[in-house]
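Feature annotation from TrEMBL assigns domain 'Cytochrome c assembly protein' to A:88-294. Positions annotated as domain 'Cytochrome c-type biogenesis protein CcmF C-terminal' by TrEMBL: A:314-636. Residues or ranges marked as transmembrane segment in TrEMBL: A:80-108, A:120-141, A:176-196, A:208-228, A:248-264, A:276-304, A:310-330, A:351-372, A:424-442, A:448-466, A:487-511, A:614-633 (among others).
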């Protein structure tokens with residue numbers, strides 16, 4: 001069965017080469033039949049990769065330890081669900097998943113290609129085919145998951161226990177969907193550069209694909225953060241680790257791209273900038289892959305690394321990005337904007353938003369690569385930690401938050417700043433009052449950082465709603481007004497509101513968290529604020545493929561019982577590794593978090609206790625952005641047939657950003 | 001329209017950097033101590049019955065291993081250290097870094113004790129002087145008390161075989 005998977009990959013490579021080359025030839029010669037190979041190629045290639053993926057999954061289900069990859073990452077005692085998710089548990093399989101998603105996106109584009117002109121569709125699919133040639137070669141040459149080994153081991157080495165967690169089942173696929181999804185925007189950008197056509201229709205084709213990739217990336221990052229919090233037992237939710245940064249940089253640039261596409265669609269300006277962002281978003285996705293898998297940076301996520309892989313990805317980066325940016329340097333000057341941008345206008349503010357987002361991405365990139373630069377220059381080894389990132393990144397987020405509220409009240413083309421500001425006076429006043437009161441009411445604090453954070457968060461949340469309220473008020477029949485609001489506007493509102501919720505979470509969890517390391521024996525207790533944590537001791541448990549010490553901690557608040565927490569320490573004998581399963585009692589207002597440290601003496605344990613206000617809001621904000629993305633991508637106007645596309649659009653349809 | 005070529009130039013710089021980065025190992029942190037005498041300390045042993053100074057480590061090559069009961073990497077390297085001590089008779093001196101006596105004793109009771117001498121560095125002073133980034137770290141000292149090698153992170157079979165065993169063989173030969 002494994003050989004079928006291997007053959008399927010080789011066939012897929014042949015198909016990908018045809019898909020990458022022939023449509024371009026067809027475009028050059030004006031040959032419709034060759035253009036059509038884009039669509040059929042994308043579909044065949046997807047089917048072949050699905051086959052390969054199914055073959056590998058089957059090998060995991062059957063515990064076929066003759067495959068080196070299966071033997072290294074599975075175990076006969078591993079529960080079935082984790083055997084299925086173990087497929088993407090390490091380098092080779094996760095590349096196959098990358099490829100599955102890449103061809104899946106290609107397949108999706110090929111299905112909707114009826115709505116595109118044949119030459120655009122063919123060039124987009126050819127670009128995606130070319131990208132997949134690179135990944136297929138990479139897999140077949142350096143990272144083949146179907147490699148057999150002899151003698152066949154009797155037992156597998158088991159999946160890394162860190163990855164045996166429900167969060168890890170969905171986190172990587174979501175993240176990869178996001179990373180790979182930017183290849184579609186990238187391919188559209190290539191098509192625009194080659195044909196020299198970048199109009200309203202192009203922006204409208206590209207937007208839903210970009211938004212969809214972005215929403216998956218958003219969810220992937222959110223899940224990753226939630227998993228790190230639950231599973232790693234460090235009590236943090238973001239560590240500025242190189243691998244986290246690798247997913248965050250494309251997200252920042254992707255967010256900028258979404259906004260600049262809105263400007264390009266509505267006003268026909270910023271064309272070459274939009275194209276550049278589309279290239280950069282995918283470039284950063286590829287760079288992330290390189291950083292994670294080549295071992296140039298130290299990270300908690302490090303995949304098994306191999307210099308040959310690093311060289312290959314570097315060569316691949318050079319070819320793909322070199323070609324794309326050369327094409328850009330050559331063709332982008334032809335993408336003429338249909339007008340100029342005034343700073344005081346919605347597009348002006350969106351351009352400002354882009355500047356801040358890209359600057360933030362650049363700051364993260366510099367921080368991530370800085371240790372490498374210093375090392376390359378022979379100046380020593382250093383590591384750049386959270387202090388740098390927090391000091392650089394957070395100030396860049398402040399103007400972004402301010403812009404959200406402001407841009408809701410500023411019109412396209414040309415607007416009067418004074419009028420807009422005046423119309424925001426009640427919002428500003430409400431924000432100020434809330435900002436002074438909330439930190440005191442919630443945490444008895446007048447800290448200026450808390451006030452500033454609350455102000456931004458409230459401003460964002462109210463500002464997000466302004467577009468909707470304005471549209472409702474401008475109609476005589478309010479109900480009609482509400483119903484006429486397009487899905488894209490609802491999506492934007494939800495995503496911006498989510499950003500406000502996220503800001504609230506970051507502010508309070510960041511400023512008012514309390515952390516305590518204590519040594520407790522059975523029956524002893526420790527206090528954080530009004531909460532009393534009483535340790536009841538631990539008992540020994542046998543899990544499916546692990547042994548554990550299960551602790552019990554009663555939590556009371558002013559004498560009232562609130563929760564019983566069961567933090568756990570697991571030993572996975574097959575990998576000789578110890579895992580900490582923290583226990584959390586949460587509600588929207590606060591998290592109470594207990595992690596089991598080491599045993600001390602006969603029955604005493606080191607315990608780590610946390611109180612984290614509004615912790616859930618950090619992820620809830622991400623989830624809101626995710627659903628906002630879904631709403632925005634589902635907007636009716638993206639599904640119009642080709643004939644209707646270049647017809648004039650009503651203001652209700654386009655005004656959404 | 002040269003400005004449209006800026007991205008490609010930036011890319012070239014970045015690719016060059018990444019290319020150099022590939023040849024470097026981020027885990028290899030050079031120690032300024034290599035070739036110098038082991039930094040001084042005067043600390044009690046784990047049960048508090050004697051005081052240990054670098055003079056006690058001279059006269060034969062030893063491994064000095066910074067460990068702690070709270071350190072996960074130490075559990076990873078522990079079987080390797082046990083093997084070195086038992087099968088190859090290597091003398092390993094443990095420095096119990098920022099730890100308590102009870103915790104360390106319990107940890108050693110559970111996992112086994114590969115150490116000939118254990119120094120209690122409860123406050124981490126010796127760790128500071130020796131330039132310890134994080135436990136576990138292992139120093140190889142020659143018979144005359146000089147630092148000849150530093151292993152960052154868990155001791156591995158490969159590091160023993162390729163780096164440390166040859167150094168020790170040289171050390172005993174020259175003596």
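Any Cβ shown, glycine's included, is placed from N, Cα and C.
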Please determine whether the transmembrane segment (A:424-442) and the transmembrane segment (A:351-372) are in contact (criterion: at least three Cβ-Cβ distances under 8 Å, sequence separation 6 or more).
no
Between A:80-108, A:208-228, A:351-372, A:487-511, who has the most Cβ pairs under 8 Å to the transmembrane segment (A:614-633)?
A:487-511
When the pLDDT values for the domain 'Cytochrome c assembly protein' (A:88-294) are averaged, what is the result?
89
Can you see whether the transmembrane segment (A:310-330) and the transmembrane segment (A:120-141) are touching - at least 3 CB pairs under 8 angstroms, only pairs 6 or more apart in sequence?
yes
What else in the chain is close to the transmembrane segment (A:80-108), if you only count residues 6 or more beyond its ends and a Cβ gap under 8 Å?
12, 42-43, 45-46, 49-50, 52-53, 56-57, 60-61, 63, 69, 72-74, 125, 128-129, 131-132, 135-136, 138-139, 143-145, 159-160, 163-164, 168-169, 172-173, 176-177, 179-181, 183-184, 209, 289, 293, 303-304, 309
Contact between the transmembrane segment (A:248-264) and the transmembrane segment (A:176-196) is defined here as three or more C-beta pairs under 8 Å separated by at least 6 residues; is that satisfied?
yes
With Cβ distances under 8 Å as the criterion, find the stretch in A:120-141, A:248-264, A:351-372, A:487-511 that has the most pairs with the transmembrane segment (A:208-228).
A:248-264
Against which stretches of its own chain does the transmembrane segment (A:120-141) lie, if we need a Cβ under 8 Å and a gap of at least six residues from its ends?
9-10, 12-13, 15-24, 26-27, 34-39, 41-42, 45, 92, 95-96, 98-99, 102-103, 105-106, 109-110, 113, 183-184, 186-188, 190-191, 194-195, 197, 202, 205, 309, 312-313, 316, 319-320
Counting only CB pairs under 8 A, let me know which of A:248-264, A:351-372, A:487-511 has the most with the transmembrane segment (A:448-466).
A:487-511
Remote residues contacting the transmembrane segment (A:351-372) - C-beta distance under 8 A, at least 6 residues beyond either end:
240, 242, 245-246, 248-249, 252-253, 255-256, 259-260, 263, 270, 273, 277, 280, 284, 291, 296-297, 341, 343, 381-384, 388-389, 392-393, 396-397, 399-400, 403, 407
